[in-house]
Amino acid sequence: MYNIEELKIRLLSELKEIAEEMGVKNFKSLKKEELVYAILDQQAITPEKALPKKKPSKVESEEPKAETPSSSENKTATSEEPSKPKFKRQNVTELPKGEVAKEASKPEERKEAPKKAFKKEEPKKDNAPKADSTKENAISVDTKKAESKKEDARKDLHKDAGKEVLKEKSTGDIRDPKPAGETKSEEEGQTRSFRPRKRAVEDDAQPTLPQEQDQQPRKREARDNNPGTATQETPTPKRKTNISIKDFDGIIENEGVLEIMSDGYGFLRSLDYNYLASPDDIYVSPSQIKLFGLKVGDNIKGQIRPPKEGEKYFALLKVGTVNGKTTEEIRDRIPFEYLTPLFPEERLNLTTKADNMSTRIVDLFAPIGKGQRGMIVAQPKTGKTVLLQKIANAIAENHPEVHLMILLIDERPEEVTEMARSVKAEVISSTFDEQADRHVKVASMVLEKAKRMVECGHDVVILLDSITRLARAYNTVVPSSGKILSGGVDANALHKPKRFFGAARNVENGGSLTIIATALVETGSKMDEVIFEEFKGTGNMELSLDRKLSNRRIYPAIDVPGSGTRREDLLMDKEEMQRVWILRKLMSDMTSQEAMEFLLQRMKGTRDNSEFLISMNS
């Protein structure tokens, strides 16, 4: 097995050979540093038996163990150069006395100094540490003197080869330190063995020198790729963090209501922030809006990705569903303005429990159908909020297919909390301490969402409290037209509230939008009276609450003779409608208080309205 130090001193070509044997993927495009770590990683996950045989390094290692050539390399070198017995004979016989015993135990390793041994050891010359050069210089001076006396003619030609032999001897001295008594014999052995080694080098000098020149740039390349500083390793954690962030793409799914900006892009607004701008917004690109034909108010669910560097919002990656439909189904939808409105034909059953008299009376005398445009006319403190809660819970229990939204405009914060906790519905609010433009913004987003769902064939119910305060907010926001009605109402201020209330309709071929809104009367404000008069004839269902009943603590405080639904014959069967007409004739001469007391007394002993109507015969 290789360690990191052994791999760092190797050439890039050697590392690529090792990587190819180990099966490292895409190793050709890696730098030396990255290739070293890739080999170590592959070595760690590969069983030891499956690893290839360790190769010796071409670049000579500084450590003693890396200096000694392996037996397999010597065998290949011997097979390459069988025709040099002279060099083998002199190399074996003329070794110093101190090394004879050591070399005798390994005769095969010292038999021959191959060509590649000199080639591989040459680049190490420049990397020799300064601390080890003292003894080398002393030996080299003596040997150079002997060389200059005997071989002056060949000194200039083979100077580098002679230094190579000296380098080998000097490293051998460092590797095998001898006692002080053997230094003299060692020096004699060096001078004796120098001449035959010199002759062997002369024979190989011509092919060796060009390869030594080729190895110098490789040596510099290995030095340049050496990761010695921390700055070269800094890109590694950055790349890992990018990969970890990318892994989250498409994992998270979220939804929101689309709001399109003037520049063409949009955001998915969250219900937690009442469909207003928030940190949870999800960015939608203009290309996605155009591709799928998205509109303001579309409820989009899809895969998102975290924000990248420099981005602020999460981004929508893939559109899953739009208003509960696939993207192919919504492309051919008809705009809400072109849908055909009809009278309500399907009734919303509000009867839940026997003791819930409020919803039973509403269901009997002022039935609500899918697509109803109903108005609850209420004086202050008549229990309209509690009545809305009971109607909402009855719809949620009996009609789970209906998408129920409760819109509270200019209400108290504690009433918003109570409504959200007591009703299983989508509660959107803008309290009285907010600005008027926030009221308008929230109401417009709710209306757009309801329209888009109706276009896709869904049944939507909006319970609005109250339309009077919504009209006040529009009156504050609208630009002045110069025409002021009585009570300070601008002539153009009531146009958008009427569009909101008038959007309620039963649509042909599926889908409906039901709006039940409360209207305040007798508040002492002239503006409220004007607003009520404008909306008075627009609804097709009206439920009146009487303050006299609430003062007497008679609940529900419903004025039965003054309440009713247009075309109720479409919602009730013939027999039931006839019995209701008989009741109305009976109570026509009664006051609202007497009529409510009469109904409560008769209905207490029955479980539902059907049983109550049957009991009328007795």
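Backbone N, Cα and C atoms are what each Cβ position is placed from, and that goes for glycine too.
Record check: TrEMBL places Gly369, Lys370, Gly371, Gln372, Arg373, Gly374, Lys381, Thr382, Gly383, Lys384, Thr385, Val386 at the ATP site, and the matching candidate among Arg412, Arg421 is Arg412. Around the Cβ of Gly371 (ATP binding site), the same chain contributes Pro341, Leu342, Phe343, Pro344, Glu345, Ala504, Arg505, Asn506, Val507, Ser512, Leu513, Thr514, each under 8 angstroms and 6 or more positions distant in sequence. With a cut-off of 8 Å between CB atoms and residues at least 6 apart in sequence, the same chain places Thr431, Phe432 near Arg412 (ATP binding site), listed in sequence order. Annotation for the binding-site residues Gly369, Gly383: lowest Cβ count within 10 Å of the residue's own Cβ, Gly383. A sphere of 10 angstroms centred on the C-beta of Thr385 (ATP binding site) encloses 17 other C-beta atoms. Secondary structure from DSSP puts Arg412 (ATP binding site) in coil. Secondary structure from DSSP puts Gly369 (ATP binding site) in a beta strand.
Remark: of the binding-site residues Arg373, Lys381, the most isolated position is Lys381 (fewest other Cβ atoms within 10 Å of its Cβ).
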